[in-house]
Amino acid sequence: MKEVKEALFMNKGEGESSYAQNSSFTQTVTSMTMPVLENAVETLFSKDFHLLQALNAVDLGCAAGPTTFTVISTIKRMMEKKCRELNCQTLELQVYLNDLPGNDFNTLFKGLPSKVVGNKCEEVSCYVVGVPGSFHGRLFPRNSLHLVHSCYSVHWLTQAPKGLTSKEGLALNKGKIYISKTSPPVVREAYLSQFHEDFTMFLNSRSQEVVPNGCMVLILRGRLSSDPSDMGSCFTWELLAVAIAELVSQGLIDEDKLDTFNVPSYFPSLEEVKDIVERNGSFTIDHMEGFELDSPEMQENDKWVRGEKFATVARAFTEPIISNQFGHEIMDKLYEKFTHIVVSDFEAKIPKITSIILVLSKIVG
């Protein structure tokens with residue numbers, strides 16, 4: 001089995017279950033939060049960043065959907081607006097698109113709109129380059145980044161939480177793949193501890209790369225509840241665990257594979273995020289809020305259409321990490337079972353999806 005950093009990516013290509021074809025919700029979240037990104041660019045210009053010849057920005061965990069193009073276009077448009085207002089010199093925008101090496105960079109760059117890049121723009125020339133690697137470590141030289149953006153990436157962990165096996169070698173989260181109502185407290189504690197460790201590494205790395213007064217706009221999956229096992233946080237993973245368990249009962253998957261697998265992801269609360277940032281001490285929190293949105297599949301009246309769409313979207317971002325543990329050959333059967341479970345057990349209501357948006361400024365000194 002591959003390590004997390006080798007297996008964690010969204011479904012590749014442009015097929016029916018690809019991330020490129022199933023990232024509309026992420027795009028919606030990005031569009032909703034664009035005013036925050038626009039304000040961040042405004043703030044940078046108020047701090048005399050327009051005196052620079054080039055502004056360096058990065059989209060961390062960019063994946064391969066159209067979301068990152070919206071980010072680039074927004075930054076470029078705001079820079080052009082501020083250049084006109086301030087009558088400043090022609091600026092250059094350098095954008096780095098980062099994700100783990102397994103990301104589908106080919107599809108990403110094939111889809112890059114020509115109007116976004118090039119050097120013939122009247123006010124802002126834009127250059128885009130891919131940067132494969134883990135954002136939990138250093139990616140860029142010291143004091144080289146002015147603006148950092150990330151959408152739906154920071155909640156992914158570097159590994160499954162440590163300490164989920166007893167001294168006797170027994171699985172402590174047996175039959176589950178994430179935190180659930182039946183998980184013992186040690187599972188919840190292990191997940192929070194792993195997120196604390198990884199998010200701290202993320203902040204430490206960015207604190208060296210971001211210039212003083214530079215800005216980060218981070219959007220991640222999270223929760224409004226203090227309970228990490230609330231259905232809004234664990235819905236997809238809970239249903240996938242049920243589907244996997246059914247295949248175990250049919251002898252198609254080894255039970256040990258289910259009992260020893262824990263998803264490397266954690267949806268934190270606002271309080272947990274705030275505590276980690278404040279403990280780190282490298283950034284000030286300029287803005288932080290949580291908001292809920294209905295899953296787009298809830299707009300469908302037919303329960304089978306709703307279930308199939310939800311399963312297809314879920315497959316786009318869960319299949320690579322799930323197939324790494326359970327095998328590619330079982331995936332079609334697994335997600336077919338998953339669809340049936342969504343329809344039969346949860347046809348009334350798919351929980352709202354909670355996001356956290358966080359704006360951080362690098363402390364001077």
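Cβ from N, Cα, C; glycine included.
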Per Swiss-Prot, which one of F310, F317, F326 shares the caffeine site with T26, Y152, H155, W156, R221?
F317
Listed in Swiss-Prot for the Mg(2+) site shared with D259, F261, N262, one of N143, N173, N324:
N173
So of all those recorded positions, Y152, W156, F317, H328, which one's Cα sits nearest to S134 (S-adenosyl-L-homocysteine binding site)?
W156
For F317 (caffeine binding site), the one of F135, F261, N262, S265 that lies nearest, given that the recorded positions are compared by Cα:
S265
With an 8 Å cut-off on Cβ distance to the T26, Y152, H155, W156, R221, F317 Cβ center, who else from the chain surrounds the caffeine site?
G61, C151, S153, L220, S265
Determine the minimum-neighbour residue: among H149, H155, R221, H328, listed as recorded positions, which Cβ has the fewest other Cβ atoms within 10 angstroms?
H328
Out of S134, N173, which of the binding-site residues is least crowded by other Cβ atoms within 10 Å?
S134
I need the CA-to-CA distance for S265 (site 'Involved in substrate discrimination') versus W156 (caffeine binding site), whole Å please.
4
Around the recorded Mg(2+) site, report the further residues of that chain (criterion: Cβ within 8 Å of the mean position of the Cβ atoms of N173, D259, F261, N262; site residues excluded), sequence-ordered.
A160, L164, A171, K174, K176, I177, L258, T260
